[in-house]
Amino acid sequence: MASFSLPHSATYFPSHSETSLKPHSAASFTVRCTSASPAVPPQTPQKPRRSPDENIRDEARRRPHQLQNLSARYVPFNAPPSSTESYSLDEIVYRSQSGALLDVQHDFAALKRYDGEFWRNLFDSRVGKTNWPYGSGVWSKKEWVLPEIDDDDIVSAFEGNSNLFWAERFGKQYLQMNDLWVKHCGISHTGSFKDLGMSVLVSQVNRLRKMNKPVIGVGCASTGDTSAALSAYCASAGIPSIVFLPADKISMAQLVQPIANGAFVLSIDTDFDGCMHLIREVTAELPIYLANSLNSLRLEGQKTAAIEILQQFNWQVPDWVIVPGGNLGNIYAFYKGFHMCKELGLVDRIPRLVCAQAANANPLYLHYKSGFKEDFNPLKANTTFASAIQIGDPVSIDRAVYALKKSNGIVEEATEEELMDATALADSTGMFICPHTGVALTALMKLRKSGVIGANDRTVVVSTAHGLKFTQSKIDYHSKNIKEMACRLANPPVKVKAKFGSVMDVLKEYLKSNDK
């Protein structure tokens, strides 16, 4: 078609090729000249609405499964090729015979019957829909998560599909970066990325209970976000939830969530590592299913955030992805999601990963600085504003090391002052982030300053929770109420008398200071 300038009365209509879900193809357009009257969009056939007495689960039962003969099993994590040890996902098992972590292994031979274009088109076709269960960002990748679970057993709040936004001002003004993005996993059902994994875990528990497996309730140790997700998804399914929390070490916003959702909450006089030790002992004795990231099912949901990032970039691979790390399951989950996409032909490479830790809880950072040559040494985590990653003995240390080695990854740390300043700086550009994202941004700033991350590198910072869960830390910072911290970016309210002249004086001074 010859190109030419269009009059104002011309209307663009996507051609058939644009709407056929073919990735990497440039959009082509048909141009129709119209009269001055308002353009009438082309009529598309509407999907018939289901009958009033039918819900979306009923509708899903009538829909045949698109793909057959896909499966997944538990296997020992990073086992040698000669290993034959494996377990059905319907077994209640958390570790291998040797005590090693487990991993969910998918049947790649079956998945490879379909090429990368097929998977890209399938996943893209489900975005923005309300078909059960594909309206979820997790379950829109069901074939790569729990391929054998019945749709009726799935417990979902249509989590995932979280915002990936361009951090334009922060990137340009403070880092001289043009391509900085934030994947805001905190925009989710309970306000953190933990929803992704908990939907998968509670769905499998729902299936196990229907199979009369010995599961009365689900339990977890938590620094806040895990308990919020567990209690919400269990409440949705009518399954009892039991939560072990370290006393006086999480925010009130985090504490109120499991309480409101009806969880049985134990506030225990210890830290997270102590709670984790106790819940593992308890679940070994009682019919309580363990929901911590020792359980590899959670990571199957969390890996979908990595797939979403690729999808949101039209299947182009970013150069860097920076993930806050505490118990360290999430850094491995991101690696696994990227690796599956490469292995199955959706992309041709994976990004480099950065795990960001608080300096007050930095066992992985210290292990990394040793070149991973020395034996890993857990430590006693000190108090950090990034409370969800205040963990000194991470369960997934082996998974994290594996992911970092495979992705040519880096580990960086942030002091309390650095993470709070980074949080305040990001907030001043229109974000409202959690302290853990402040840790990740600090890592980015250090790597940018050292030249490891370039000005033109497409970089994604993973924001793991919503800032509204951590308002007290923001209040303390802007009130300059944090001991031994300058709070140099504090923005406290200005007290002024209720007089026009007083208000005008203050405003003139403010405007003068900003007129630079």
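Heads up, the Cβ atoms here are built off N, Cα and C, so glycines get one too.
Per Swiss-Prot, S-adenosyl-L-methionine 1 binding site is recorded for Pro133, Tyr134, Gly135, Ser156, Ala157, Phe158, and the stated evidence type is similarity to another entry. Residues or ranges marked as S-adenosyl-L-methionine 2 binding site in Swiss-Prot: Asn163, Leu164. Residues annotated as S-adenosyl-L-methionine 3 binding site in Swiss-Prot, with similarity to another entry given as evidence: Lys172, Asn178. The S-adenosyl-L-methionine 4 binding site annotation in Swiss-Prot covers Lys172 and rests on similarity to another entry. The pyridoxal 5'-phosphate binding site annotation in Swiss-Prot covers Gly326, Asn327, Leu328, Gly329, Asn330, Thr464. The compositional bias 'Polar residues' annotation in Swiss-Prot covers 1-37. Annotation comment: Swiss-Prot describes Lys194 as N6-(pyridoxal phosphate)lysine, evidence class similarity to another entry. Among the features that Swiss-Prot reports, region 'Disordered' is placed at 1-55. Feature annotation from Swiss-Prot assigns transit peptide to 1-33.
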Q) Which site among Gly135, Gly326, Gly329 has the most other CB atoms no more than 10 Å from its CB, taking these as binding-site residues? A) Gly326
Q) In the structure shown, with every protein chain counted, which of the recorded positions Lys172, Lys194 has the densest set of Cβ atoms within 10 angstroms of its Cβ? A) Lys194
Q.
So if I measure Cβ to Cβ from Asn330 (pyridoxal 5'-phosphate binding site) and keep only same-chain residues at least 6 apart in sequence, which ones fall under 8 Å?
A. Phe193, Ser293, Leu299, Gln302, Val323, Pro324, Val462, Thr464
Q) If you run the three-state DSSP split on Leu164 (S-adenosyl-L-methionine 2 binding site), which class comes out? A) strand
(Q) Below 8 Å Cβ to Cβ and six or more residues apart, same chain only. Which residues does that give for Leu328 (pyridoxal 5'-phosphate binding site)? (A) Cys355, Leu364, Pro394, Val395, Ser396, Ile397, Arg399, Ala400
**Q.** Local Cβ density at Phe158 (S-adenosyl-L-methionine 1 binding site) - other Cβ atoms counted within 10 Å
**A.** 20
Q) Can you tell which of the binding-site residues Pro133, Ala157, Gly326 lies nearest to Lys172 (S-adenosyl-L-methionine 3 binding site) in space, using Cα positions? A) Gly326
Q: Count the Cβ atoms, other than its own, that fall within 10 Å of the Cβ of Tyr134 (S-adenosyl-L-methionine 1 binding site), considering every protein chain shown.
A: 23
Q.
With the S-adenosyl-L-methionine 1 site defined by the record as Pro133, Tyr134, Gly135, Ser156, Ala157, Phe158, how many Å span the farthest pair of C-alpha atoms?
A. 11
(Q) Centre the Cβ atoms of Gly326, Asn327, Leu328, Gly329, Asn330, Thr464, go out 8 Å, and tell me which other residues of that chain have a Cβ in range of the pyridoxal 5'-phosphate site. (A) Ser293, Val323, Pro324, Gly325, Ile331, Ile389, Ile391, Pro394, Ser396
Q.
With every protein chain in view, what's the tally of Cβ atoms within 10 Å of the Cβ of Asn178 (S-adenosyl-L-methionine 3 binding site), excluding that atom itself?
A. 13
Q) Where the distance is taken from Cα to Cα, which of the binding-site residues Pro133, Gly135, Ser156, Asn178 turns out closest to Gly326 (pyridoxal 5'-phosphate binding site)? A) Ser156
**Q.** S-adenosyl-L-methionine 1 site, defined by Pro133, Tyr134, Gly135, Ser156, Ala157, Phe158: further same-chain residues with Cβ within 8 Å of the Cβ centre
**A.** Trp132, Ser136, Val138, Trp139, Ser140, Ile154, Glu159
**Q.** Surrounding CB atoms that lie within 10 Å of the CB of Asn163 (S-adenosyl-L-methionine 2 binding site), all protein chains
**A.** 14
Q) Under a criterion of Cβ-Cβ distance under 8 Å and sequence separation of at least 6, what residues of the same chain contact Pro133 (S-adenosyl-L-methionine 1 binding site)? A) Ala60, Trp139, Lys142, Asp151, Ile154, Ser156
